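> Take a look at this one; I'll ask things after.
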Amino acid sequence: MAARKTKHACRIQDKRSDAERQDLDTKLAAVLESRGNANAVFDILEHLESKKEEVVQAAIRTASKLFEVMLEKRELYIGDLPAENGTLPDTYSAEDKYKMWMRHRYNSCAACILDLLQHSSFSNQELALCTLMKFIQLEGKFPLENSEWKDSYRFPRELLKFVIDNLLQEEADCTLLITRFQEYLEYDDVRYYTMTVTNDCVSRVQQKNKLVLPPVFQTNVFCLLSSINIPVEESALGNFLVTKNVNNEDWKPSKLKDHKRVFERVWMIFLKHQLSVSLYKKVLLILHESILPHMSKPTLMIDFLTAAYDVGGAISLLALNGLFILIHQHNLEYPDFYKKLYSLLEPSIFHVKYRARFFHLANMFLSSTHLPVYLVAAFAKRLARLALTAPPQVLLMIIPFICNLIRRHPACRVLIHRPSAGDLATDPYIMEEQDPAKSQALESSLWELEVLQQHYHGDVVRAANVISRPLSAQESDISGLLEISSCELYDKEMKKKKFKSVPLEYEPVRGLLGLKSDITAQHFTF
């Protein structure tokens, strides 16, 4: 009985919704047919505040159709709009007053749809966003400003500002809607003005919150900024949401250098604030590919990267990529860089998520043949000591890594040829020393690799046995070993070819004394 009542109520509600949608269509037709029906616009806008999701969607579509026609027919007042409640001078005609009134209704409509960006239904949020971007496109094509306006391009920056302000909420997570907005960032003009507006928004929130950015706001800003892809060449700039109708050589949205400049500015103002650990990691993960290459002056990131490198742990590992670019491509001088890199070699380095990335970068940093011998020896020795407690999948990468260091620096061969190899008790190497220059690694030997020759895993033993033979000049390729896992080792063992049968004695043993033919078994029974 209750189920029947529920179905009946749903049918009644659906009929009401259909009736409201039909009413919206009727009012839209009436407004477009005659100016005498203009007051019906209020009824259309009222439906934007409905509690029914489907009615709100219908109202958004109706309002979009209405003002699209109004903009195309130039039915909205163009120029500085007087206040609605103010007294208008007699110089304005009835035509002007009607267009002013309709322009105010358009502004009210845009404000209502902006509020819907925070609607409980994502479908309504998405539709509201697409409608607002449609308004931006139409305003660009049919400007609401006088032709004497300074910006000859007349991009509707003000409406875009309101959209961005609603996407970058301080308390509500808008990352899903920002992801939907990402497709509009493919338009070069939208991308450029989004960056300028975001820069202003971050500055405004910063002043409001006494130089501290709320965590949710930071997440929203990062989601938006990380969605921005700057073209590599200026010739790629030509995709505009608002059609370009002027030929202005100084038009900034068409200049790659201006894109890079504002891109750099907005990232710098965002990164100067303290970030959460998770956000720190996200920024560093994309820094070397998505941020540094598109900055006018990548060296401006020195302070951020050096501060991140000094944090320690995973943050320091992730900062290596950016530092590598600045050191090798932009001649950054970092006096204690290798000392810090050396200090990152801890047992935990073998178990972190970014292990492969770290050793890939460490291999590049240690590839120079101009490094001091004591420094390379310290890295080789520290890795060898850590290898004593490392899992097999890591050892298969660490041992060739150490051997490559020795190949690059023949002076380090003393570490594997020194007669007095010693052991843990007599080893002069100081594991606790953070300064590689004071670790006495060059006075030690790589006896740890000899210990690994007794490892339980056969592949590790074969890798460690390399030092028992003369090292070849050709370096080992460790790229395929950086991400090897224990599961891969296990699968490899399981796939090894097994003997179909094991040869056994064909005559079974009887008793403790062996076969029946044995002389002892013939005289004694057990």
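Glycine is no exception: its Cβ is also placed from the backbone N, Cα and C atoms.
If you look up Swiss-Prot, you'll see 307-327, 358-378, 386-406 marked as transmembrane segment.
Set these features in their place in the structure for me.
The list of residues near the transmembrane segment (307-327) in space but at least 6 beyond its ends in sequence, with Cβ under 8 angstroms from a Cβ of it, reads 277, 280-281, 284-285, 287-288, 292, 298-299, 301, 334, 337, 340-341, 344, 349, 352-354, 357-358, 361-362, 364-365.
Beyond the transmembrane segment (358-378), the same-chain residues lying 6 or more positions past its ends with a Cβ under 8 Å from any Cβ of the stretch are 317, 320-321, 324, 337-338, 341-342, 344, 349, 352, 397, 401, 404-405, 408-409, 411-412, 415, 436-437, 439, 441-442, 478-479, 482.
Outside the transmembrane segment (386-406) by six or more residues, the chain places 345-347, 349-350, 355, 359, 363, 366, 376, 379-380, 412-413, 415-416, 446, 448-449, 451-452, 455, 457, 459-460, 463-464, 466-467, 471, 475-476, 478, 481-482, 484-486, 488-489 with a CB less than 8 A from a CB of the stretch.
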